[in-house]
């Protein structure tokens, strides 16, 4: 899905609002995903604690946030920016591709909860397209 110039502007503006909270929002989205889609927990057998506030979930949330910061900064070349992450998830972790869509949805909900005034239909659509592109790149090495 091609991001229009307006989409890119919306994504950058929304992500600017996230600021230094990307890791916190990543952790919150993971917690939301674990609660809403419990089968996703199976990809984290090495985590001893998946509860709210878990240090392991916070650490992984920071990784998610950092990856999204990188993606926002490289919207015009996501395949290159996310290549190593795609390899990791496809070949080592073997995460079911549907889980990227689930996490994307949970991230949208998290952003809407924290920034309701800024989460307009246009921003929602742009973020959804952006996260769909990120998901597509992350599953590209599965083939």
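Every residue, even glycine, has its Cβ placed from backbone N, Cα and C.
Within 10 Å of the Cβ of residue 60 (O2 binding site) there are 18 other Cβ atoms, across all protein chains. Marked as O2 binding site by Swiss-Prot: 60.
For the recorded site, residue 89 (heme b binding site), the DSSP three-state label reads helix. Note: residue 89 (heme b binding site) has non-local neighbours 95, 138, 139, 141, i.e. same-chain residues 6+ apart with C-beta under 8 A of its own C-beta. Sequence annotations record features per position, and here Swiss-Prot assigns heme b binding site to 89 based on sequence analysis.
According to Swiss-Prot, the feature domain 'Globin' maps to 2-143. In the predicted model, the domain 'Globin' (2-143) has a mean pLDDT of 95.
Taken residue by residue with DSSP, residue 4 (phosphoserine) is part of neither helix nor strand, so it is coil. Long-range Cβ contacts of residue 4 (phosphoserine) within its own chain (separation 6+, distance under 8 Å) are none. Residues or ranges marked as phosphoserine in Swiss-Prot: 4 (among others).
Summarising the annotation, Swiss-Prot assigns N6-succinyllysine to 8 (among others). There are 16 other CB atoms within 10 A of the CB of residue 8 (N6-succinyllysine), with all protein chains counted.
Summarising the annotation, Swiss-Prot assigns N6-succinyllysine to 12 (among others) and lists similarity to another entry as the type of evidence. Residue 12 (N6-succinyllysine) falls within a helical segment according to DSSP. The Cβ of residue 12 (N6-succinyllysine) lies under 8 Å from the Cβ of 72, 75, each on the same chain and at least six residues away in sequence.
Secondary structure from DSSP puts residue 17 (N6-acetyllysine) in a helix. Every protein chain shown contributes to the tally, and the Cβ of residue 17 (N6-acetyllysine) ends up with 14 other Cβ atoms within 10 Å. The N6-acetyllysine annotation in Swiss-Prot covers 17.
Summarising the annotation, Swiss-Prot assigns phosphotyrosine to 25 and lists similarity to another entry as the type of evidence. Non-local neighbourhood of residue 25 (phosphotyrosine): 18, 61, 65, 107, 110, 111, 114, each in the same chain, at least six residues away, with C-beta under 8 Å from its C-beta.
What Swiss-Prot records for 36 (among others) is phosphoserine. Cβ neighbours of residue 36 (phosphoserine) (same chain, under 8 Å, six or more residues apart in sequence): 102, 106.
Feature annotation from Swiss-Prot assigns N6-succinyllysine to 41 (among others). Sequence-distant neighbours of residue 41 (N6-succinyllysine) (same chain, 6+ apart, CB under 8 A from its CB) are 34, 50.
Positions annotated as phosphoserine by Swiss-Prot: 51 (among others). A C-beta separation below 8 Å, combined with a sequence spacing of at least six in one chain, links residue 51 (phosphoserine) to 57.
When secondary structure is read from DSSP and collapsed to three states, residue 104 (phosphoserine) falls in the helix class. Residues or ranges marked as phosphoserine in Swiss-Prot (evidence: similarity to another entry): 104 (among others).
The phosphothreonine annotation in Swiss-Prot covers 110 (among others).
Cβ neighbours within 10 Å of residue 136 (phosphothreonine), excluding its own Cβ and spanning all shown chains: 16. A helical conformation is recorded for residue 136 (phosphothreonine) in the three-state DSSP classification. Swiss-Prot lists 136 (among others) with the feature phosphothreonine.
According to Swiss-Prot, the phosphoserine annotation covers 140 (among others). Remark: residue 140 (phosphoserine) has 79, 86 as non-local neighbours, by Cβ distance under 8 Å and separation of at least 6 in sequence.
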Across every protein chain in view, the count of C-beta atoms other than its own within 10 A of the C-beta of residue 104 (phosphoserine) is 19
Rounded Cα distance, in Å, between residue 8 (N6-succinyllysine) and residue 17 (N6-acetyllysine) is 14
Among 17, 104, 136, i.e. the modified residues, the one with its Cα nearest that of residue 60 (O2 binding site) is 104
